[in-house]
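Student: The structure follows.
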Amino acid sequence: MASKLTPLTLLLLLLAGDRAFSDSEVTSHSSQDPLVVQEGSRDSVPERDGSRSPIEHTGQSSTWPTTSGSTKISNDTMDQVANESFIQHVQPAAQLPEDSPSQSPVNSSSPPSTASAPPTQAPTEPLCPEPLAWCSDSDRDSSEATLSEALTDFSVKLYHAFSATKKAETNMAFSPFSIASLLTQVLLGAGDSTKSNLEDILSYPKDFACVHQTLKAFSSKGVTSVSQIFHSPDLAIRDTYVNASLSLYGSSPRVLGPDGDANLKLINTWVAENTNHKINELLDSLPSDTRLVLLNAVYLSAKWKKTFEQKKMMASFLYKNSMIKVPMLSSKKYPLALFNDQTLKAKVGQLQLSHNLSFVIMVPQSPTHQLEDMEKALNPTVFKAILKKLELSKFQPTYVMMPRIKVKSSQDMLSIMEKLEFFDFTYDLNLCGLTEDPDLQVSSMKHETVLELTETGVEAAAASTISVARNLLIFEVQQPFLFLLWDQRHKFPVFMGRVYDPRA
């Protein structure tokens, strides 16, 4: 016979079942491997609510803290472990590079990638930057002294190169300033090794800021210098170079035609018109395969500061171990800066010209000491020391007798550039800023100088008779000498050369 369940018995059975379930749940939770929990999916994490127990308590709360407390602690712990696992899997996606926002998040079940991103390389400077036609005021202020120094060094280099090319004991004249202007105009479009080689030849610092603007400011009214680039029709010139060249040098490359004779006439006519017909024929021929021609012509239009005596005077001059008679300039009281240089063993005299120019003569102290000996001792250091001493010397009334100055010199500059160990014009020329054509050579490069100084001066000589004092300084030039036309304002050589035979 079945026993009857009393209310008390039923209550005891319910409490016993609740405790048994709670103990089994705690045992189940505590026996789980945390690693297994971490490797589970996000969906397996229990929800935070009161429905975890299979027995639903309706309207009645338990007075046994161990049952509900154990269940609550286990669930919170599981939530924390699951959340930490989720965060660990999601973190790699948060560490993606900022410049790749389109990449998808990393899957939590996938192993992390071991591939490393390629290293970021610094941007490289273009091999052929566009011509720089701008400079700052601060760079402009410092560039004048730098350019003056460079032109002075370049002058000595050129002197020895011209001397090595010319025949012994012959006259020569050139304009360092004018040649530097032409080469710097080429430098405007040079790239790679051609650019650095030109900078070395010209004694420029690397990437010389404002050199083009400073050269333009160095122009003198007493000197007329013209440069021009001519090219064949098949050579396309970049617009950037044309614009920069026109802005900085007042000229842009001119295209030649198919007729060689017409091209020769075009070039010589241009030179004559731009030198006031002082130079009428710069070229006597032009190669049939001409692609690029560099031309430069310069002449002196300045005059003496004081007029020399107008009467004709002939005097002796030492030429090739014999004395010849040559026309002389003379003045009984010409303002002159004068001293003897022991390094060159030379008398150094400086005469003033118009337009802040001066004419410097270096002549051996005695007939036994020759001009060739002076040339061997001439280097940039000695040259600068002489010019510095002249700057500090006073002009004093001096008896002057010297040959009339008339020198005309024409020179193939390609041979001069090779003497300077610059071979780019004929072998490995890079003018990427001027043209895209990689196969380019300079067909011809010519430089012509005309230098003439007669008795005429800016200021007339006094009409009254001048008595010569016994202690008056004397400067007589009666043997071969080295000369220099110096810009006193900007301190650089405009002309340089030598005179062996004043009659030539």
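Cβ atoms are placed via backbone N, Cα and C, with glycine included.
In case it's useful when we look at the structure, here is the feature table from Swiss-Prot:
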- 1-22: signal peptide (SIGNAL)
- 23-75: region 'Disordered' (REGION)
- 24-33: compositional bias 'Polar residues' (COMPBIAS)
- 40-55: compositional bias 'Basic and acidic residues' (COMPBIAS)
- 58-75: compositional bias 'Polar residues' (COMPBIAS)
- N75: N-linked glycosylation site (CARBOHYD)
- N83: N-linked glycosylation site (CARBOHYD)
- 94-132: region 'Disordered' (REGION)
- 100-125: compositional bias 'Low complexity' (COMPBIAS)
- N107: N-linked glycosylation site (CARBOHYD)
- N243: N-linked glycosylation site (CARBOHYD)
- N356: N-linked glycosylation site (CARBOHYD)
Student: Fill in the CA-CA distance, N356 (N-linked glycosylation site) to N243 (N-linked glycosylation site), as an integer in Å.
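Tutor: The separation of the Cα atoms works out to 32 Å.
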Student: Could you check what DSSP calls N356 (N-linked glycosylation site) once collapsed to helix, strand or coil?
Tutor: coil
Student: Determine the Cβ neighbour count for N356 (N-linked glycosylation site): the number of other Cβ atoms within 10 Å of its Cβ.
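Tutor: For N356 (N-linked glycosylation site), the 10 Å Cβ neighbour count is 15.
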